[in-house]
Amino acid sequence: YIQACGMSNLTRVSEFILLGLSSRPEDQKPLFALFLILYLVTLLGNMLIILAIRSDPQLQNPMYFFLSILSFADICYTTVIVPKMLVNFLSEKKTISYAGCLAQMYFFLVFSNMDSYLLAAMAIDRYVAICNPFHYVTVMNHRRYVLLLAFSVAFSYLHSLLHVLLVNQLNFCASNVIHHFFCDVNPVLKLSCSSTFVNEVVAMTEGMASVMAPFVCIIISYLRILIAIFKIPSAAGKRKAFSTCSSHLTVVTLFYGSISFVYFHPLSSYTVKDRIATINYTVLTSVLNPFIYSLRNKDMKRGLKKLISKINYQVD
């Protein structure tokens with residue numbers, strides 16, 4: 001697994017070993033079956049959300065536009081991680097090349113950041129819809145929500161590139177065993193035999209800022225929304241206003257709750273608990289998103305029923 005590093009006594013890894021969720025042979029097939037089902041449900045659920053939004057004219061507004069992009073990002077997000085997991089569950093050689101590891105890390109960061117900024121864009125949309133409904137069409141016009149999407153994508157790619165380039169500057173010597181089920185930043189940094197000080201400083205400053213910026217935006221938007229809802233005189237009006245953003249609020253809580261548990265502490269304290277908690281936002285959130293948005297949203301329910309009726313009609 002290693003190649004000689006020139007004239008020095010150090011060695012540089014050419015590939016890594018992913019330990020996964022369990023090292024016990026008897027756990028591999030049940031884990032394979034579980035994550036295969038979760039992956040297929042993620043693909044099917046998010047594809048149905050995208051198709052329902054694209055095919056229903058009544059869902060052609062910024063909120064559902066962002067939701068369709070979020071579903072696409074969730075598909076990509078899980079595809080970066082889960083297929084390699086599934087292969088490793090059934091393989092004795094649980095390796096990933098050095099280049100493959102960096103590529104997986106890069107796209108994982110890209111789509112996780114896209115999720116974060118799309119959730120912020122959706123919070124802004126809900127704020128405008130509830131707090132400024134008469135100017136919603138002019139404020140959230142086509143140009144503005146396309147710019148929000150462009151910023152989310154561009155920033156995610158640049159942010160991820162910075163972290164991967166910094167990781168690529170490190171030396172990885174002797175140990176090549178990653179105590180995780182994919183090439184996440186913290187477990188990879190723990191293998192480095194050179195100083196990770198710069199990486200940690202960037203992660204705790206630029207990295208935290210890039211995560212906290214959309215989160216703060218979401219918090220401010222919902223504080224303004226709550227103030228507006230409390231001013232509505234009727235209880236029915238309050239329920240209707242809150243129902244329009246309850247699905248989004250649930251997803252935000254799941255996503256940011258698990259991320260804050262895993263990443264907002266020192267690198268040295270990274271443990272098995274963090275590995276298990278990572279499943280929440282890498283796999284479970286992507287699985288649950290379609291159910292949360294479809295079961296708690298009347299418009300999405302109607303759109304999905306129309307789509308399923310069309311599919312059934314074409315099959316018949």
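Each residue, glycine too, has its Cβ placed from N, Cα and C.
Database features, via TrEMBL:
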type: DOMAIN; residues: 45-293; note: domain 'G-protein coupled receptors family 1 profile'
type: TRANSMEM; residues: 31-52; note: transmembrane segment
type: TRANSMEM; residues: 64-83; note: transmembrane segment
type: TRANSMEM; residues: 103-124; note: transmembrane segment
type: TRANSMEM; residues: 145-166; note: transmembrane segment
type: TRANSMEM; residues: 211-230; note: transmembrane segment
type: TRANSMEM; residues: 242-264; note: transmembrane segment
type: TRANSMEM; residues: 276-295; note: transmembrane segment
Open item on the list: With a cut-off of 8 Å between Cβ atoms, can you find at least three pairs linking the transmembrane segment (31-52) to the transmembrane segment (242-264)? Only pairs 6 or more residues apart in sequence count.
Closed with: no
TODO: Report, as numbers and ranges, every residue of the chain located at least six residues beyond the transmembrane segment (276-295) whose Cβ falls under 8 Å of a Cβ in that stretch; write 'none' if there are none.
DONE: 21, 35, 38-39, 41-42, 45-46, 48-49, 67, 70-71, 74-75, 77-78, 81-82, 108, 112, 180-182, 184, 247, 250-251, 254-255, 257-259, 261-262, 301, 304
TODO: Can you check how the pLDDT averages out over the domain 'G-protein coupled receptors family 1 profile' (45-293)?
DONE: 87
Task: Listed stretch, out of 64-83, 103-124, 145-166, 211-230, that has the most CB pairs under 8 angstroms to the transmembrane segment (242-264) - done: 103-124
Task: Stretch among 64-83, 103-124, 211-230 sharing the most Cβ pairs under 8 Å with the transmembrane segment (145-166) - done: 103-124
